[in-house]
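What Swiss-Prot records for Met39, Gly187 is substrate binding site. Feature annotation from Swiss-Prot assigns ATP binding site to Arg115, Thr160; the stated evidence is sequence analysis.
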Amino acid sequence: MTSLKLLKEKAPLVICITNDVVKNFTANGLVALGASPAMSEFPADLEDLLKYAGGLLINIGTLTDENWKLYQAALKIAEKYNVPAVLDPVACGAGEYRKKVADDLINNYKLAAIRGNAGEIASLVGIDVASKGVDSAGVDNIDEIALAANEKFNIPIVVTGEVDAIAVNGEVVTIHNGSAMMPKVIGTGCLLGAVVASFIGLEKGQELKSLETAMLVYNIAGEIAEKRPNGHLPGTFKAEFINALYEITDEDVKEFKRVK
């Protein structure tokens, strides 16, 4: 069974502790894809929900001291119930405090994967890359950045940009699909982190396969959305992207995938 069919069959509960700007978009995107999102932020509630969850997303976009404590509490509970956790270290290269939080979560808690743009992941491993907070484009060595992070942290890494790279156990693949409209809609990267959290726990020991499918489904849905009437306009693209996530099939992935 393909990872996409498995996701739709299991409809995994995905706990999304994400930034305030993208909660609605993230929830709707996951529902369209076939997952079951919950946007809980109360530790006692998380204790109950994570017992049944298939994934946890920690997105540090809306960073406060209280949220830092929440991330820590959620990761402790996730480890207790063996729930795979994905970290999205938003803008961790933009300042010392964000970097400190990201380092703490990576070094002191169990993560199943890290998803970030080239600038964010490069900052975690000490590689100098021009980055504007949550935006990073035109990076030539994205596969090297992914491998460096995979080697340093010994967990799967997803690095996004004009080309995306996935590194698992020293192996790297690059994804050459996607839409130029994605950076023009706030929250597309954050939703991707939640999609990664939806796929990462579907098949134990098959993380590379699951992550590759997650990236292809997401990026090809973007291509489909852009090709639809007025898909070149951000508002229309946003709606059509959700529609494409709902409609995308394994046949679409097989036909349009560009992987190296």
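Note that Cβ sites are derived from N, Cα and C of the backbone, with glycine treated the same way.
Neighbour count (other Cβ atoms within 10 Å of the Cβ, all protein chains): 31 for Arg115 (ATP binding site).
The two recorded residues, Thr160 (ATP binding site) and Met39 (substrate binding site), show a Cα separation of 24 Å. Looking at Met39 (substrate binding site) and Arg115 (ATP binding site), their Cα atoms lie 19 Å from each other. Looking at Gly187 (substrate binding site) and Arg115 (ATP binding site), their Cα atoms lie 14 Å from each other. DSSP gives Thr160 (ATP binding site) a strand state.
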